[in-house]
Ligand code: NIG
Ligand code: FE
């Protein structure tokens, strides 16, 4: 069905800029955008339903391209410990951290995980998110990784949002493999990934490359397995130290390398050459009280696309608002509001391999957009918290309030 959305201003985000069209209109047909431009130039044509957007600013639906939103339990006590001076790595070495969420996630049923994840996904949705990546990585064995990925798929089937499921089985060493990290990597590469991929549960493969997780050599074996399965890769890299995981990811043509506080110029060059997106996670930087900033100017200078994401997870980033991350990307990382919005639209789409269809408002793209009751798109990064009045349109259809209860 053809629909006309008029009386608005549009930030198309083409080329990573607002690329604003004032006094604009959009035409959608079915799930796709057919036309965007000045309302005065609206093509006359066949019968269409009309919607008056009341002077709103329209942006692409926001894309949260790095989350761990399926998990059991919470880690508020670990937050207290960290504030008393205990280090994230020390807590992990003592069996806390990721391992404690693994215990809670293994103990939870699929239905329990779905119910808690759904509540978190609704927070993001109400904030304008229409596409979401969800990682596994708190199961760390075949049945529990499968359980997490099935919940991710189920969320995409039941909520008005597009979900990409990423297998992060190489997130931490499960207790039953203590002292045998290479054996666990074998299990991930030879058994878990092929089985989960065959079940249609995996859109991409991720790993945690860090001294408290897996070495570049171990990550490389996971990447080789992913390549054999035809799956794209991503990597948690250079968060706490420099292991040049981002360069390794670039060698495998990774969609993205994420965190990147300790990224070097050589890594930046490798990412630029490979077209790998830098996904920055200000929520984790903030919650871990980090001081080492990712090298924003180097990324800019070498033309590496920068995405911004919530990293929603129970340990290092219990962040339920992507808009708040845009604000923090500006205040903590000194991005401009335009760069931050590009980071949650056009560049986030690329970080998920969805750049052909998502992230920009242009003919042929999916009709996922948000009409915000604001006077300028910089407001999306400006307000700290709260709810901005808006209408969310996904696949050409208004998302009604009842879908968000
Ligand atoms: O992206 N860095 C590793 N993984 C998550 C944290 C996971 C956790 O602490 O539960 C992250 O920050
Ligand atoms: Fe993460």
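Yeah, the Cβs are placed from backbone N, Cα and C, and that goes for glycine too.
The 4-imidazolone-5-propanoate site recorded in TrEMBL includes 75, 138, 171, 316, and the single candidate from 3, 239 that the record places there is 239.
The record from TrEMBL ties 66, 68, 311 to Fe(3+), and of the options 236, 244, 376, 395 it ties 236 to that site too.
Taking the Cα atom of each, residue 311 (Zn(2+) binding site) and residue 138 (4-imidazolone-5-propanoate binding site) are about 14 angstrom apart.
The Zn(2+) site, placed at the center of the C-beta atoms of 66, 68, 236, 311, has further neighbours from the same chain whose C-beta lies within 8 angstroms: 67, 135, 258, 259, 281, 284, 309, 312, 313, 317. Between residue 75 (4-imidazolone-5-propanoate binding site) and residue 315 (N-formimidoyl-L-glutamate binding site), the C-alpha separation comes to 6 Å.
Nearest Cα neighbour of residue 171 (4-imidazolone-5-propanoate binding site) among the listed binding-site residues (66, 68, 236, 313, 315): 236. For the domain 'Amidohydrolase-related' (57-397), the model's average pLDDT works out to 97. Selection of the binding-site residues 66, 75, 236 by a Cβ distance under 6 Å from ligand 1 yields, in sequence order, 236. Same-chain residues that are not part of 138, 313, 315 yet have a Cβ within 8 Å of the Cβ center of the N-formimidoyl-L-glutamate site turn out to be 68, 71, 75, 98, 101, 137, 314, 316.
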